[in-house]
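Read the structure below first, then the notes.
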Amino acid sequence: MTQVTVKELAQVVDTPVERLLLQMRDAGLPHTSAEQVVTDSEKQALLTHLKGSHGDRASEPRKITLQRKTTTTLKVGGSKTVSVEVRKKKTYVKRSPDEIEAERQRELEEQRAAEEAERLKAEEAAARQRAEEEARKAEEAARAKAAQEAAATAGAEPAVVADVAVAEPVAKPAAVEERKKEEPRRAPKRDEDDDRRDRKHTQHRPSVKEKEKVPAPRVAPRSTDEESDGYRRGGRGGKSKLKKRNQHGFQNPTGPIVREVNIGETITVAELAAQMSVKGAEVVKFMFKMGSPVTINQVLDQETAQLVAEELGHKVKLVSENALEEQLAESLKFEGEAVTRAPVVTVMGHVDHGKTSLLDYIRRAKVAAGEAGGITQHIGAYHVETERGMVTFLDTPGHAAFTAMRARGAQATDIVILVVAADDGVMPQTQEAVQHAKAAGVPIVVAVNKIDKPEANPDNIKNGLAALDVIPEEWGGDAPFVPVSAKLGTGVDELLEAVLLQAEVLELKATPSAPGRGVVVESRLDKGRGPVATVLVQDGTLRQGDMVLVGINYGRVRAMLDENGKPIKEAGPSIPVEILGLDGTPDAGDEMTVVADEKKAREVALFRQGKFREVKLARAHAGKLENIFENMGQEEKKTLNIVLKADVRGSLEALQGSLSGLGNDEVQVRVVGGGVGGITESDANLALASNAVLFGFNVRADAGARKIVEAEGLDMRYYNVIYDIIEDVKKALTGMLGSDLRENILGIAEVRDVFRSPKFGAIAGCMVTEGMVHRNRPIRVLRDDVVIFEGELESLRRFKDDVAEVRAGMECGIGVKSYNDVKVGDKIEVFEKVEVARSL
């Protein structure tokens, strides 16, 4: 060991000797001069003192933190690299002696507790073993006694008594024996170790002789708690996992399980399979066998799903998914005083029979002049105050395209005025109006119009309508016939009187104090005001600010206008109004109801939208599958695509129905887009993408749409009369049909003789019997009226002169191109092919 003096140590640590001596004295060292020797232990004591004086009393640091940093380079691609730096930090903490002592004490406590638990378990095992030994001895004694009694008496009765007597004490060992039979020991080595460990702590250890005398005791089954985690408590290892029997927790059913399947209006294949507890693939396979190829996510309608479930042997419960609708209907029930309301009268009849003119006279306003082409193309709703009371009129279109509008008018009405022109008679739309009125169960009042014309024949009208089961009152029927003239006003008062008389008979009632309820007559999209719906209030009172639910649309009534465009605050029964504030244009015929709050309205509207979409998808797919073979040749059809925009919903429906009905097996019309309102930029883009024609019915295109139409050269047309659209589309379809080639026979020549020519070969000397024979036209050679050759007439001569044509009754020589087998008696037929335009 190297000895260092105080002076040398001061030089090493770079401190004055006096200061070092002072520090050594403070540390309790005996050094007083610079020449004294300092040992290593004294250096350590001095260092410890200095650390303590600087605030660290511990001889070693309690916490050490090590930091390590590694940098690697990662190639990203090409010559580009990225440096990746990984920093790791570890902290080591030295525990104090107090903590070490506390942990040691805790370990000792745990060890003592474990030994105590082990001792208690050993005592329990010994007690259990003694109990089993006693039970075994009792069983053997009972058996020996039973055997003695059986030998002593031959009767079976004592034996039975003995069995009954010992049944109770041997119940438990019998169960043990049964379990041993069922469950062979799978791990003998482990069981022997457990037994040896259990017997280790027993107090009584028998000698070798006793072991020879006493038979080996039965091993008691270790009881495990049925609801435990499957571990056996006890033993040195804490808990050991028991071997469980490899047995399923359920058994296969002996028979088919019939389940109750709830089916709503629509259900997917996957949902149906889940309710029947079968795999989706099974249902798909079954439906393939039924002839309906489906996918697992396909929506089935109620009837199809019911058929599948019943075929698979399950009970079907048809569920109504209209809980929201039922709640809404329940909330709309209102009791109040009913009062007499004005009748709603629909004016129906054939086109140009004077319906609007009659209304015009009643209203004292010129309505018909405002209609395009003088025909009605919307349902107009008006209410008129007469001397005998108020009457609400609905004016329906008479054109064939507006069938749905007329049906809608009949459903919303109380009385139908059937207008028939006295000079025209019963026409197709007249018959249709009668059918709609009878289907709706509405009484008919016949107005025989235009009686001021000299050719008017009212009796002819009565005969024609009697054939449709509309019997005049004077013939014993119930339909009043009133002759009127909308031009002169003749009979109009009598007509109104007849209408009001019918209304009195019907006893029409309404409750004005109830929330408003009605039907949508018409709807349109106004550029400045948004969706506008014409509503006929049928019951209750509709007020401005009410929250209304209309089909799949809802909204708050922001404003109400009467038929003259004047704002009103409320509308009672039988009053037609225009309402603003809906979130979309409802379909004509949708029911309008006033609901309590916006939340309820939104909830029901969203429910209806989802339901409508599901049903539509299900029906569309079913239609595709049913017509799969019919549609195999559809791709060969030529299609005229149309984007159609109209001013009101009713006209749009009428046009879509009429245009879709046009076409035949070769051409068809497809309305790729339709809507209410002006032609927008998106409509123009749709027409561009689908190669469609843009039709605007009483609407115009905005600036953006016009720009696209001009730039892309799209075909855009405006119309205000429905006839014109239908006629133009028919012409377009006719043009798409192309033309047919038709053959016209020009003439027939009979072969009288055959000559040979070195230039043309066989020349037929003929007599033209019919028509005219032309050179360079296609011909047919007929022998016994059977075509044997078809070719071209190459040479035509008369008296050695080439001619262009030969008339009937003249002789000529005919040379047939590439044909020499002409015989006397053959006929040569000259014809031409003409293109003929086809029509629908």
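Keep in mind that glycine also has a Cβ here, set from the backbone N, Cα and C atoms.
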Original post:
Per Swiss-Prot, which of 449-452, 581-584, 825-828 is region 'G4'?
Top reply: 449-452
**OP:** Write down the single range among 374-378, 564-568, 794-798 that appears in Swiss-Prot as region 'G2'.
**Re:** 374-378
**OP:** Taking the Cβ of Gly349 (GTP binding site) as the centre, count every other Cβ atom within 10 Å, in any protein chain shown.
**Re:** 28
**OP:** Look at each of the binding-site residues, Asp352, Lys355, Ile451, and point out the one with the fewest other Cβ atoms around it within 10 Å.
**Re:** Asp352
